[in-house]
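The structure under discussion appears below in the form of structure tokens.
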Amino acid sequence: MSKVYDWFEERLEIQAIADDITSKYVPPHVNIFYCLGGITLTCFLVQVATGFAMTFYYRPTVTEAFASVQYIMTEANFGWLIRSVHRWSASMMVLMMILHVFRVYLTGGFKKPRELTWVTGVVLGVLTATFGVTGYSLPWDQIGYWAVKFVTGVPDAIPVIGSSXVELLPASASVGQSTLTRFYSLHTFVLPLLTAVFMLMHFLMIRKQGIFGPL
């Protein structure tokens, strides 16, 4: 085993990387409230794992979406647990994100030189809200359908581009299969990818600049 480790160590300098990670200075004022961002990340990872598991059973069509969700909840092995954990972690992620934003704002973590860290955090907040909107529609029940109708109609109030945006969101003149397909693609591919990229940027900037001062 040591020979395998030595082989990788010679090429990748694993020990130097580990030393850099474990030797980072943690200020004495850091407390449990500084863990809210990490908890948000944990919730996101749980979402990815449980969401991936449900893609094996979910069918993104207006005729089969609701039935496939019912199958997950009633017949698939541990499907009810996986979907419940997905929903609970979604709620927890939103709550932890809101508390994290308040903590950062109250401690002045958005000030120079951490403006870009704050900007990436705001983008992550918007992505999280979009996760909620797109995920809410996927069961394609009455609540999900009318939620989509409401959300896709909101941009109509925007001057000049409002009508074009309304047609862009549902991907057709009315809410239907094209809308569900688009929301499913956003929820399972586009949003997770963007969130992962911005989370990486967010954490790298925190790593570089360190944690802001005490409350």
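We number each residue from 1, going along the chain as drawn.
Using N, Cα and C of the backbone, Cβ positions are placed for all residues, glycine too.
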Annotated transmembrane segment segment (source Swiss-Prot; candidates 53-73, 116-136): 116-136
Among His86, His100, His187, His202, which are recorded as binding-site residues, the nearest neighbour of Cys35 (heme c binding site) by Cα: His100
Set of same-chain residues at least 6 away whose C-beta sits under 8 angstroms from His187 (heme b 2 binding site): Gly51, Phe131, Thr134, Gly135, Leu138
Spatial neighbours of the transmembrane segment (90-110) far in sequence, C-beta under 8 Å, 6+ residues away: 33-34, 36-37, 39-40, 43-44, 47, 117-118, 121, 124-125, 128-129, 131-132, 135, 212-215
Folded-back contacts onto the transmembrane segment (32-52), same chain, C-beta under 8 angstroms, at least six residues removed: 82-83, 85-86, 89-90, 92-93, 96-97, 99-100, 103, 131, 187-188, 192, 195, 199, 203, 211, 215
In three-state DSSP terms, the structure that Cys35 (heme c binding site) belongs to: helix
